[in-house]
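Student: Below are the structure tokens for one structure; questions will follow.
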Amino acid sequence: MHIGILEDDHDQRDYLTLCLESQGHEVAGFERASQLLRALRERSFDLLIIDWQLPDACGMELTRTLRNEHGWQGLILFITASQGEEDVVHALQHGADDFLSKPINPRELSARVSALGRRLANSKASNGSQEVEALPGQYRIEQDEHTIWCGEHPVNLTQREYRLAVLLLRHVGELFSRAYLLEMVWGINGDISTRTVDTHISRLRRKLELDGRRGLRLKSVYQHGYRLETCTPSALSAASA
């Protein structure tokens with residue numbers, strides 16, 4: 001599953017991430033509620049794990065906001081240092097699907113996440129066909145399979161490449177800085193020197209044929225970042241980005 005962890009304690013967040021990644025899940029960590037809300041505008045998660053006490057929000061209030069104001073339909077697992085029955089009731093009433101008390105037992109965490117995953121799979125099966133999103137150019141996304149199609153062929157992408165591609169394809173014409181892409185796709189905050197983004201952009205340009213031949217061109221903007229632009233489809237790339 002694609003899992004987002006909202007936990008301000010760095011060590012606890014790393015511990016949860018390690019436990020879940022060892023089970024084969026894809027995990028992104030966030031320190032503040034504002035970071036998670038910003039990320040939810042650009043990417044999707046199957047499950048959110050939310051701590052009760054946060055530096056910029058109350059976890060329970062955030063859960064209520066996600067459900068009632070943002071209409072978020074994904075799974076939510078609430079974690080807290082409290083073990084009171086009243087707290088469990090409040091968390092479930094405010095939209096949490098399950099509740100876990102600290103200290104976190106890795107076996108219990110794995111069992112609860114697996115149970116939530118089965119619930120998600122059953123829900124998808126009952127809903128029937130996959131959700132397919134048409135995109136500009138000759139592209140489409142099969143969201144349930146996390147697959148991007150280029151023309152009539154599915155493209156083999158890594159998890160990071162998929163995230164980056166979805167962000168760009170859903171926002172054709174928008175200019176993204178490297179720092180913004182690092183935060184949204186890798187969960188890295190701050191202005192750091194890295195070629196990670198450039199390397200992934202180069203791979204996407206090649207794998208998805210974003211050189212103009214299918215109506216989209218991925219261009220670098222000097223000292224600013226990258227932008228995906230529409231163009232007249234051509235047999236060969238009209239220009240190198």
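Start at 1 and count along the chain as shown; that gives each residue its number.
Just so you know, glycine gets a Cβ as well, placed from its N, Cα and C.
Residues annotated as DNA-binding region in TrEMBL: 130-230. Annotation source TrEMBL lists domain 'Response regulatory' at 2-117. Taken from TrEMBL, the feature domain 'OmpR/PhoB-type' covers 130-230. What TrEMBL records for Asp51 is 4-aspartylphosphate.
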Student: Below 8 Å Cβ to Cβ and six or more residues apart, same chain only. Which residues does that give for Asp51 (4-aspartylphosphate)?
Tutor: Leu6, Glu7, Asp8, Asp9, Gln12, Gly59, Ile79, Thr80
Student: Summarise the model confidence on the domain 'OmpR/PhoB-type' (130-230) as a single mean pLDDT, whole number.
Tutor: 83
